[in-house]
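The substrate binding site annotation in Swiss-Prot covers R45, Y179, K185, R305. The Mn(2+) binding site annotation in Swiss-Prot covers K185, H204, D241 and is backed by sequence analysis. Residues or ranges marked as ATP binding site by Swiss-Prot: K185, H204, G220, L221, S222, G223, T224, G225, K226, T227, T228, E269, R305, T431.
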Amino acid sequence: MADGLNRVHFNPSTAQLVEFALLRGEGELTANGALVAKTGARSGRSPGDRFIVREPSSEAEIEWGPVNQAFDPGAFEGLWARVEAYLADKELFVSDLEVGADTEHYQPVRVTTQYAWHQLFARNLFIIPEEFNRKNKPVWQIINAPDFVCDPARDGTNSDATVILNFAERKVLLAGLKYAGEMKKSMFSVQNFLLPAQGVLPMHCSANVGKDGDTTLFFGLSGTGKTTLSADPKRFLIGDDEHGWAPGGVFNIEGGCYAKCIDLSQKNEPVIWDAIRFGTVLENVVMDEHRVPNYKDSSLTENTRAAYPLEHIAQRKEDNCGAEPHAVVFLTCDVSGVLPPVSILTKEQAAYHFLSGYTAKVGSTEIGSTSAIQSTFSTCFGAPFFPRPAGVYAELLMKRIESFGSQVYLVNTGWTGGPHGVGKRFDIPTTRAIVDAIVSGELKDVETVHLDTLNLAVPVAVTGVDSNLLNPINTWGDKALYTEYAQKLAEAFTKNFAKYQVSDAIRNAGPKA
């Protein structure tokens, strides 16, 4: 339906949005039917341009700092009005969507976009409900105006673009940005603030279920394997990135997937490969002269993406929900080549490694990254998205693990035999074999060896995995150099963890520097 006065298209279909995007020059059609769009210079998130309005209702509960930058309420009001005025005579696309598959914990949101492909992205990634807002909750508003240019002197922003969350007014403003991932991560941040007050743990994780209804969670930063490992032909997908864990079950916060495409292959990632078809948005993917996507081409960015609805996946959990998880996997991408491919964690170790969030930034998911791969400690495996203090989420995780009896594992999808540039990265089949052993229950009560410096218990055998890979010192030619690197990593853990106020049991669960 279109409004003839200022051309507003309400709840447009996928076909309509693809048509609009092509007619308006926003993108091109690929040979596999997907829509390719380019985001320009900002091909990843812009954390330096993300703000939260500092206002009385939420001020005391937010951990203010470089991640959650404060924005003045009056400045927000002025900027919101300027963006609305800018869009007043533009053709717009509007949908009423929801965030959160749980009937109690959803948030209704009206998404208004200047670009057709941004609206298609929103309809792919958020939930299109059969009946909008059945509990009549107050509705959130997202406005996305990529062609609006912010003026820092006038608007109070840090640059010509911004992302601002306003919890009191239930508004999200995106201006000057074409990278569509900002939309989904904004509403993830909203749920990350709201859910803990309802006793629900919001998680930066993927989730799937087996034929017997057993749920597995995969925590990790972008590029560490959440989407790839949860898209398992033998299991049913709940979701690939954002979930809530409530007493009694797990639910997807989204209605779609946002998969990294760099080096995508049909052999290694058949579920994702098959999901890329008409209706999918490909971000910054390069095509050849026949419009065939070249997933190896990183000339625009390493952070190439595919955004598709869950309906594009044959083996999925149709209600986007699952039982509480028997297995919880923390995915770490270790660039030092020190960590084992799999470790079995106690609940105290789970809390330690959840708070630490040791991993790597893979494939420049943020603009301004100095290199494609660098080690980092990202609290809760998603520090950029969690507005409350880290302890709030860690306490909820401990509570859920203890209550249900979930077993937590640390899985390294990074390097072995040496650091990045010297060693080699664990291949996907090896990691899949480890995950298969985890979800089958094979690793419960198995014989382990203890790595003293890392303070980790490692199984001595895993079906389908070369046993020499399990203890990382075996893969290094220079054993003394491995010991040196392991000590350095333990020291980095200890230094990073010093900022947390936790029990001795949790502090002592980490590596021994």
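We number each residue from 1, going along the chain as drawn.
Cβ from N, Cα, C; glycine included.
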### Task
For Y179 (substrate binding site), list the number of other Cβ atoms lying within 10 Å of its Cβ atom.
27
### Query
With every protein chain in view, how many other Cβ atoms are within 10 Å of the Cβ of T224 (ATP binding site)?
26
## Note on the structure
Looking only at the binding-site residues Y179, K185, H204, S222 (ATP binding site) has its closest CA neighbour at H204
### Query
How many other Cβ atoms sit within 10 Å of the Cβ of S222 (ATP binding site)?
26
### Cα proximity to Y179 (substrate binding site), best match among binding-site residues G220, K226, D241
D241
### Message
Between G220 (ATP binding site) and R45 (substrate binding site), how many Å separate their Cα atoms?
### Response
17
### Task
Determine, from DSSP, whether S222 (ATP binding site) sits in helix, strand or coil.
coil
### Query
Helix, strand or coil at D241 (Mn(2+) binding site), per DSSP?
coil
### Task
Sort Y179 (substrate binding site) into helix, strand or coil using the DSSP assignment.
coil
### Message
Fewest other C-beta atoms within 10 angstroms of its own C-beta: which of the binding-site residues K226, T228, D241 fits that?
### Response
T228
### Query
Near H204 (Mn(2+) binding site), which binding-site residues out of R45, T224, T228, R305 have their CA within 10 Å?
none
### Summary
Taking every pair from K185, H204, G220, L221, S222, G223, T224, G225, K226, T227, T228, E269, R305, T431 (the record's ATP binders), the biggest C-alpha distance in Å rounds to 27
### Task
Taking Cα atoms as reference points, rank the binding-site residues K226, T228, D241 by distance from K185 (substrate binding site) and give the first.
D241
### Task
Please give the greatest C-alpha separation between any two of the substrate-binding residues R45, Y179, K185, R305, in angstrom, as a whole number.
14
### Query
Just how many other Cβ atoms lie inside 10 Å of the Cβ on K185 (substrate binding site)?
24
